[in-house]
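Encoded as structure tokens, the structure appears first; notes follow it.
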Amino acid sequence: MVLIRVLANLLILQLSYAQKSSELVIGGDECNINEHRSLVVLFNSSGALCGGTLINQEWVLTAAHCDMPNMQIYLGVHSASVPNDDEQARDPEEKYFCLSSNNDTEWDKDIMLIRLNRSVRNSKHIAPLSLPSSPPSVGSVCRIMGWGAITSPNETYPDVPYCANIKLLRYSLCRVYQRMPAQSRILCAGILQGGKGICKGDSGGPLICNGQFQGIVHGGGKTCAQPYEPGLYIKVFDYTDWIQNIIAGNTTATCPP
């Protein structure tokens, strides 16, 4: 019930405190209740909101810029007004960042690994999503999902998570249209004609390509889902060694350069 009250307040407030670079799903539809079992909600009472991905019973992967004070983590949520009987709440026990990941100039290190204070129980609405076994291919159809705004620039927020299909594009397109630096650890995805994409509130959520967890929502254009403004995603495959080392207890592991 605490989550329901907080999310309802967030929807009423229209996320007035939404963090810089947070993004939403535009042009999508309500996610099937069973297709977002790994999607988690990160929020606090001040109105900050992000998504994340459960990668095993104790760990969540999200964007570094989603870090917030007094973070609460909820799993198994589908409706802000109608709770599931298997929703679970957790607090962050530990947070791990890549070196300089809180520096906005480090585009390719916007990644945060969160250890939960208690293990999560798998259920009908909760299950982890494995790390990718191989990198994605340009042209792949990818699924985005989140609680972000569904209209832009005048933002409205849904009662349920929204999902949409987009395509993985050549990174060179994001360099041109988003004026991004020449980074190899960023994925570029979207619909060049516009109409579908991430928006405020979806930051930290997953990009799932051909069933594999390939990206973490980083950001997009100032107005969401515009033509020639594809979204930017952290390339999860490049960080699998760092993630696995941290989970194994090697907390001094360094990120790829």
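Using the three backbone atoms N, Cα and C, a Cβ is placed for every residue, glycine included.
Over in Swiss-Prot, the protein carries these features:
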ACT_SITE  His65  active site, charge relay system
ACT_SITE  Asp110  active site, charge relay system
ACT_SITE  Ser203  active site, charge relay system
DISULFID  Cys31-Cys163  disulfide bond
DISULFID  Cys50-Cys66  disulfide bond
DISULFID  Cys98-Cys255  disulfide bond
DISULFID  Cys142-Cys209  disulfide bond
DISULFID  Cys174-Cys188  disulfide bond
DISULFID  Cys199-Cys224  disulfide bond
DOMAIN    25-248  domain 'Peptidase S1'
CARBOHYD  Asn44  N-linked glycosylation site
CARBOHYD  Asn103  N-linked glycosylation site
CARBOHYD  Asn117  N-linked glycosylation site
CARBOHYD  Asn154  N-linked glycosylation site
CARBOHYD  Asn250  N-linked glycosylation site
SIGNAL    1-18  signal peptide
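What Swiss-Prot annotates, mapped onto the structure for a quick look.
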{"residue": "Cys66", "record": "disulfide bond", "DSSP (3 states)": "helix"}
{"residue": "Cys98", "record": "disulfide bond", "DSSP (3 states)": "coil"}
{"residue": "Asp110", "record": "active site, charge relay system", "DSSP (3 states)": "coil"}
{"residue": "Cys163", "record": "disulfide bond", "DSSP (3 states)": "strand"}
{"residue": "Cys188", "record": "disulfide bond", "DSSP (3 states)": "strand"}
{"residue": "Cys199", "record": "disulfide bond", "DSSP (3 states)": "coil"}
{"residue": "Cys209", "record": "disulfide bond", "DSSP (3 states)": "strand"}
{"residue": "Asn250", "record": "N-linked glycosylation site", "DSSP (3 states)": "coil"}
{"residue": "Cys255", "record": "disulfide bond", "DSSP (3 states)": "coil"}
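When the recorded positions Cys31, Cys66, Asn117, Asn154, Ser203 are compared by Cα distance to Asn250 (N-linked glycosylation site), the shortest distance belongs to Asn117. If you compare Cα positions, Cys98 (disulfide bond) sits closest to Asn117 out of the recorded positions Cys31, Asn117, Cys209. When the recorded positions Asn44, Asn154, Cys224 are compared by Cα distance to Cys31 (disulfide bond), the shortest distance belongs to Cys224. The Cα atom of Cys224 (disulfide bond) lies nearest to that of Ser203, taking the recorded positions Asn44, Cys50, Asp110, Cys163, Ser203 as the candidates. Cys50 (disulfide bond) sits 5 Å from Ser203 (active site, charge relay system), counting Cα to Cα.
Using CA atoms as reference points, the recorded positions Cys142, Cys188, Ser203 were checked against His65 (active site, charge relay system), and the closest is Ser203. Summarising the environment of His65 (active site, charge relay system), the number of other Cβ atoms within 10 Å of its Cβ, over all protein chains shown, is 21. Cys174 (disulfide bond) carries a helical DSSP state (H, G or I). Distance noted between the C-alpha atoms of Cys199 (disulfide bond) and Asp110 (active site, charge relay system) is 17 Å. Rounded to a whole value, the Cα-Cα separation of Cys209 (disulfide bond) and Cys255 (disulfide bond) is 23 Å. Of the disulfide-bonded residues Cys98, Cys188, Cys199, Cys255, Cys199 has the largest number of other Cβ atoms within 10 Å of its own Cβ.
Here Cys255 (disulfide bond) is positioned 24 angstrom away from Asn117 (N-linked glycosylation site), judged by their C-alpha atoms.
Neighbours of Cys50 (disulfide bond), defined as other CB atoms within 10 A of its CB across all chains, total 31.
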